[in-house]
Amino acid sequence: MGFTAQQDALVGSSYEAFKQNLPSNSVLFYTLILEKAPAAKDMFSFLKASGPTHSPQLQAHAEKVFGLTRDAAAQLLAKGEVTLADAGLGAVHVQKAVADPHFAVVKEALLKTVQAAVGDKWSEDLSTAWGVAYDGLAAAIKKAMS
């Protein structure tokens, strides 16, 4: 069974909820990442000097990660696979020494952040939709890394 229109709609509507409180959701996202993988702090230039704070760079990067996952959902619905529009993403992830476990940490933080953003609208279906979309994005990035 492929990615469904309902899953795409769930990701789209919850992405809009995420963006409504971008500053706080961005801080939450990176706080969750650093709780699981403190060493990841050095992978993000905007986190090196301090922890997650309300900074334009942090917000822009969080919006990019969530936006790429949103785009992955649309691609999965349209063509059943994810291709990267930015060919440089693989190289950046190689340069930062991103490994498989890092993708799992980001996925967990992403899901918890979406859950916080949507509140009582959180459901297993919503979790699955975001999880599948993120897995598609992660697979495309890993492919570009090799």
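Keep in mind that glycine also has a Cβ here, set from the backbone N, Cα and C atoms.
What Swiss-Prot records for 2-146 is domain 'Globin'.
In the three-state DSSP classification, SER13 (phosphoserine) falls within a helix. A 10 Å cutoff on Cβ-Cβ distances gives SER13 (phosphoserine) a total of 13 other Cβ atoms nearby, all chains included. If you look up Swiss-Prot, you'll see SER13 (among others) marked as phosphoserine.
Residues or ranges marked as phosphoserine in Swiss-Prot: SER14 (among others). Around SER14 (phosphoserine), the same-chain residues at least 6 positions away in sequence with a Cβ under 8 Å from its Cβ are VAL114, ALA117, VAL118, LYS121, LEU126, TRP130.
Swiss-Prot lists TYR30 (among others) with the feature nitrated tyrosine, giving similarity to another entry as the kind of evidence. Cβ contacts within 10 Å of TYR30 (nitrated tyrosine), excluding its own Cβ and spanning all protein chains shown: 24.
Feature annotation from Swiss-Prot assigns heme b binding site to SER45, LYS64, HIS93, LYS96. Taking a C-beta cut-off of under 8 angstroms and a sequence separation of 6 or more, LYS96 (heme b binding site) has the following same-chain neighbours: MET43. DSSP assigns LYS96 (heme b binding site) to coil in the three-state reduction, outside any helix or strand.
Packing around SER45 (heme b binding site) is summarised by its Cβ count: 10 other Cβ atoms lie within 10 angstroms of its Cβ, all protein chains included. According to Swiss-Prot, the feature phosphoserine maps to SER45 (among others).
According to DSSP, SER55 (phosphoserine) is assigned to coil rather than to any helix or strand. What Swiss-Prot records for SER55 (among others) is phosphoserine, and it gives experimental evidence as the kind of evidence.
The feature O2 binding site is assigned by Swiss-Prot to HIS61, with similarity to another entry given as support. Proximity of HIS61 (O2 binding site) to non-local residues of its own chain (separation of 6 or more, Cβ distance below 8 Å) is seen for SER26, PHE44, PHE46, given in sequence order.
According to Swiss-Prot, the feature phosphoserine maps to SER123 (among others). Under the three-state DSSP scheme, SER123 (phosphoserine) falls in the coil class. Long-range Cβ proximity for SER123 (phosphoserine), meaning a same-chain Cβ under 8 A and a gap of 6 or more residues, is found for none.
The nitrated tyrosine annotation in Swiss-Prot covers TYR134 (among others), and the record cites similarity to another entry as its basis. For TYR134 (nitrated tyrosine), the same-chain residues that are 6 or more apart in sequence and have a Cβ closer than 8 Å to its Cβ are THR69, ALA72, VAL106, LYS107, LEU110, LEU111.
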Let me know the DSSP-derived helix, strand or coil state of LYS64 (heme b binding site), please.
helix
Tally of helix, strand and coil residues over the domain 'Globin' (2-146) according to DSSP?
116 helix, 0 strand, 29 coil
Starting from the Cβ centroid of SER45, LYS64, HIS93, LYS96, which together make up the recorded heme b site, report each further residue of the same chain whose Cβ lies within 8 Å of that point, ordered by sequence.
MET43, PHE44, HIS61, VAL92, VAL98
What is the separation, in Å, between the Cα atoms of SER13 (phosphoserine) and HIS93 (heme b binding site)?
28
